Amino acid sequence: AKCLCCIGNLSAHQSGLLQKLLQKESAYDYDLIVIGGGSGGLACAQEAAILGKKVMVLDFVVPSPQGTSWGLGGTCVNVGCVPKKLMHQAALLGQALSDSRKFGWEYNQQAKHNWETMTEAIQNHIGSLNWSYRVSLREKAVAYVNSYGEFVEHHKIKATNRKGQETCYTAAKFVIATGERPRYLGIQGDKEYCITSDDLFSLPYCPGKTLVVGASYVALECAGFLAGIGLDVTVMVRSVLLRGFDQEMAEKVGSYMEQHGIKFLRKFIPVMVQQLEKGLPGKLKVVAKSTEGPETMEGVYNTVLLAIGRDSCTRKIGLEKIGVKINEKTGKIPVNDVEQTNVPYVYAVGDVLEGKLELTPVAIQAGKLLARRLFGDHLEKCDYINVPTTVFTPLEYGCCGLSEEKAIEVYKKENLEVYHTFFWPLEWTVAGRDNNTCYAKIICNKFNNNRVIGFHILGPNAGEVTQGFAVAMKCGLTKQLLDDTIGIHPTCGEVQKREVF
Amino acid sequence: MLQCATDPAAQLGKKVAVVDYVEPSPRGTRWGLGGTCVNVGCIPKKLMHQAALLGDRIRDAPHYGWEVPQQVPHDWRKMAEAVQNHVKSLNWGHRVQLQDRKVKYFNIKASFVNEHVVCGVTKGGKETLLSAEHIVIATGGRPRYPTNIEGALEHGITSDDIFWLKESPGKTLVVGASYVALECAGFLTGLSLDTTVMMRSIPLRGFDQQMSSLVTEHMASHGTQFLRGCTPSRVKKLPDGQLQVTWKDLASGREDMGTFDTVLWAIGRVPETRSLNLEKAGVNTNPNTHKILVDAQEATSVPHIYAIGDAAEGRPELTPTATMAGRLLAQRLCGQSSDLMDYDNVPTTVFTPLEYGCVGLSEEEAVARHGEEHVEVYHAFYKPLEFTVAERDSSQCYIKMVCLREPPQLVLGLHFLGPNAGEVTQGFALGIKCGASYTQVMRTVGIHPTCAEEVAKLRITKRSGLEPTVTGC
């Protein structure tokens with residue numbers, strides 16, 4: 001691809017070039033360049049290619065402070081949803097092993113877990129996904145470049161590969177889908193000694209006794225599966241658990257974790273991380289300060305995992321060169337309801353978007369629909385209302401719609417009816433597991449036919465249960481319709497039939 | 001029908017009595033209060049299914065890093081005791097609940113004297129007469145024994161017995177192709193028992209046949225043996241206690257023989273109506289099925305006598321429908337409401353090793369009702385994420401959504417084959433009750449990573465002829 005900057009003297013050709021520019025697409029190397037080969041980027045790129053457009057995807061992973069890097073596919077595939085769910089499954093299998101004895105399986109030893117076996121298997125699976133994405137892009141004739149992309153001027157980006165070689169590309173339209181990376185604390189020792197979710201899933205040695213800093217779903221999910229495979233885990237929380245989620249449910253999630261051996265240090269923040277011993281893992285000393293007073297504490301851990309949030313990768317991709325506005329504080333990109341930035345030919349999808357949910361399926365949906373609107377004459381916009389999600393903590397939490405707090409804020413308490421119930425999954429009976437822990441609640445708007453505006457369930461397979469409820473809510477589910485629907489017996493999902501005020 | 005008795009009726013100040021009695025099975029098995037579901041149906045079935053699934057998880061565990069011995073044996077006795085204890089706790093729970101709600105419970109075998117009076121006989125032979133303004137018949141059904149197979153009654157068992165066996169059934173022949181047959185064969189195989197299913201013709205009659213084939217295909221590739229197109233002709237007990245079964249291959253006419261420790265008949269159920277003396281009350285039954293004829297109000301041919309659950313004609317034989325029908329009936333009888341039971345779009349799940357959840361019409365029914373040109377079927381083969389690392393075969397993990405072809409493409413039926421099918425299907429059943437269309441399902445964002453999200457991602461139609469296998473993340 002030839003850059004305009006590589007063509008000698010511009011002025012002599014100006015009128016001819018202007019002609020070409022006015023012919024729009026044909027003047028550019030590509031119809032669409034997508035920066036970022038993650039869930040949103042790939043979905044958008046492939047859909048555009050299916051619609052016959054000439055598309056390029058740039059994907060590049062800047063190694064983490066610990067040196068971790070990965071292949072094509074973005075956060076979800078490499079350091080998010082996929083390895084997370086697999087490690088969660090490993091932890092659930094540990095629980096299944098102990099349940100199995102109650103069901104007659106003669107397996108009497110205390111189960112031991114081997115970290116390396118698990119991570120190798122998981123990394124192999126991820127490798128196969130990286131490969132399948134590359135094949136898929138090739139099959140759809142999408143150009144893929146493993147280079148770091150940044151804007152240099154309007155309609156033009158510079159792509160720098162691992163060796164430092166630069167190439168320029170131009171396109172009629174751009175989609176920014178660069179996602180996010182874990183945030184660090186900004187304290188002494190954080191980047192040198194701490195790891196994040198970027199490193200955890202491919203860690204070549206068992207993390208051992210771990211301190212997880214943070215109360216995000218990332219923090220709780222990681223703490224959950226690490227404890228589930230037998231490690232000594234502590235979670236250090238600055239204030240609330242799962243900020244933004246329904247707080248009654250969040251506390252129940254935390255409470256279950258605590259009852260099952262995970263230690264919580266509430267209202268503390270780390271101020272220093274020091275290395276006591278080198279090793280794989282080594283030994284780290286953490287000094288923490290209370291958020292409420294002068295109290296400090298110290299602890300020694302093999303691993304410190306920071307999970308305090310994620311920052312958008314928008315500050316070093318040349319957006320200022322073309323005038324794309326970002327939220328200076330958060331780094332996120334504000335877009336309109338068609339995912340367009342303030343610069344008309346530049347769009348964005350995925351975790352970089354301001355005010356949108358940071359979820360893979362949302363990014364995929366947005367990316368696909370965007371491509372269809374840009375190149376396929378479709379009009380459909382991404383529907384961000386009532387997007388369901390699930391937190392894969394040891395006791396899973398699925399939800400769709402509003403939290404109780406948000407519902408009260410929007411509709412006022414007197415206009416709401418909350419139906420709730422505890423339940424005991426049948427499979428837990430014989431296994432001798434807690435009978436007053438699993439919980440479900442639905443929040444209804446009394447003045448709109450008792451319409452279900454919030455659904456929350458804490459129990460096994462919460463994701464599987466919640467998905468269909470999300471469809472029902474999309475179709476305007478009311479309490480009456482819920483009551484009229486027959487339950488499937490025996491399941492956890494049918495628990496909605498037993499909900500009482 | 002405890003729901004009918006306990007929920008609204010007794011709470012609304014009505015004087016209520018429940019009469020329950022279990023005639024021992026030919027093998028002598030009996031059980032407590034709660035009916036089929038609690039004692040010899042859903043509950044013990046799902047628990048034994050869970051035991052079998054845990055066996056699979058033990059096999060998965062080493063792939064995920066757990067150090068587990070290669071072969072882990074299973075102790076039937078330990079499982080049976082745990083399951084039976086749980087069932088007994090439920091029997092107890094029901095008795096306490098009836099007591100709390102001041103419902104009188106009689107453990108007697110009742111039959112009609114006239115349309116307002118029943119006569120009950122205790123185990124000891126003592127007689128009691130009870131009269132009532134309204135009577136609800138909820139006597140359910142019992143497994144059918146074959147009538148023309150020598151040795152069937154003496155040597156075979158049924159689902160009435162399998163959950164109460166103290167000793168392992170050992171090498172088992174399951175005769176039948178119902179969900180009962182397949183679910184039992186499924187968990188027996190999963191518990192490492194040598195299991196064979198003998199079917200006269202098709203599996204899961206009445207269910208979507210493509211899905212039914214996938215169910216049995218999965219079972220066959222996971223250790224269950226199938227003898228298709230065969231019917232047994234004789235069961236003989238051998239000197240060492242084993243059972244010798246002779247059967248005929250219907251296609252070739254050839255006879256064959258095999259030896260088993262247990263023969264389990266799962267060839268259907270008959271309603272418990274023949275010993276009720278229904279003619280004394282004037283209650284009509286279907287002469288072929290012996291089920292009680294009812295209207296939309298669950299009323300029989302006698303206005304103040306009702307029938308619900310498996311004994312009623314034309315009703316799905318499922319616990320939740322019976323429960324709901326019972327509750328609504330009680331509410332109507334007490335003047336609390338006039339709501340009728342809606343039997344449309346009742347979801348259900350077959351708890352075979354690979355579970356099959358469904359709601360709405362099968363593909364065949366949809367095509368029969370609307371015509372092939374008016375039906376669009378979206379489908380996909382998918383791989384549950386958890387199967388990847390475990391190196392499990394996902395060839396039969398499949399979803400199809402049967403819709404009307406005309407926009408917005410109303411969903412007529414959903415069929416899901418995969419892990420946790422019941423959990424997946426429940427929510428979608430709600431969606432269908434709300435009149436979900438394909439468009440609405442597609443606009444719903446998926447939860448990642450789950451199996452259920454694959455339903456919201458269905459894109460390929462059967463009509464297109466394209467490969468429906470999902471790849472990638």
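Using the three backbone atoms N, Cα and C, a Cβ is placed for every residue, glycine included.
Residues or ranges marked as domain 'FAD/NAD(P)-binding' by TrEMBL: B:9-326.
Annotation source TrEMBL lists disulfide bond at B:Cys37-B:Cys42. A sphere of 10 angstroms centred on the C-beta of B:Cys37 (disulfide bond) encloses 22 other C-beta atoms.
According to TrEMBL, the FAD binding site annotation covers B:Lys46, B:Asp310. B:Lys46 (FAD binding site) carries a helical DSSP state (H, G or I). Cβ neighbour count for B:Lys46 (FAD binding site) (all protein chains, 10 Å cutoff from its Cβ): 22.
The secondary structure of B:Gly176 (NAD(+) binding site), as reduced to three states from DSSP, is coil rather than helix or strand. Residue density at B:Gly176 (NAD(+) binding site): 25 other Cβ atoms are found within 10 A of its Cβ, drawing on all protein chains shown. If you look up TrEMBL, you'll see B:Gly176, B:Ala177, B:Ser178, B:Tyr179, B:Val180, B:Ala181, B:Leu182, B:Glu183, B:Gly268 marked as NAD(+) binding site.
Across the domain 'Pyridine nucleotide-disulphide oxidoreductase dimerisation' (B:346-457), mean pLDDT in this model comes to 96. Marked as domain 'Pyridine nucleotide-disulphide oxidoreductase dimerisation' by TrEMBL: B:346-457.
Within the same chain, no residue at least 6 positions away from B:His448 (active site, proton acceptor) has a Cβ under 8 Å from its Cβ. Feature annotation from TrEMBL assigns active site, proton acceptor to B:His448.
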Among the recorded positions listed here, B:Cys42, B:Val180, B:Leu182, which has the most company in the form of other Cβ atoms within 10 Å of its Cβ?
B:Leu182
When neighbour density is defined as the number of other C-beta atoms within 10 angstroms of a residue's C-beta, which of the binding-site residues B:Ser178, B:Gly268, B:Asp310 has the lowest density?
B:Gly268
Sub-8 Å Cβ contact with chain A: please pick out which of the recorded positions B:Cys42, B:Ser178, B:Val180, B:Gly268, B:Asp310, B:His448 have it.
B:Cys42, B:His448
For the NAD(+) site built from B:Gly176, B:Ala177, B:Ser178, B:Tyr179, B:Val180, B:Ala181, B:Leu182, B:Glu183, B:Gly268, further residues of that chain with CB within 8 A of the site's CB center:
B:Val174, B:Cys184, B:Leu204, B:Ala266, B:Ile267
Give the three-state DSSP assignment (helix, strand or coil) for B:Leu182 (NAD(+) binding site).
helix
For B:Asp310 (FAD binding site), what is the secondary structure state per DSSP, taken as helix, strand or coil?
helix
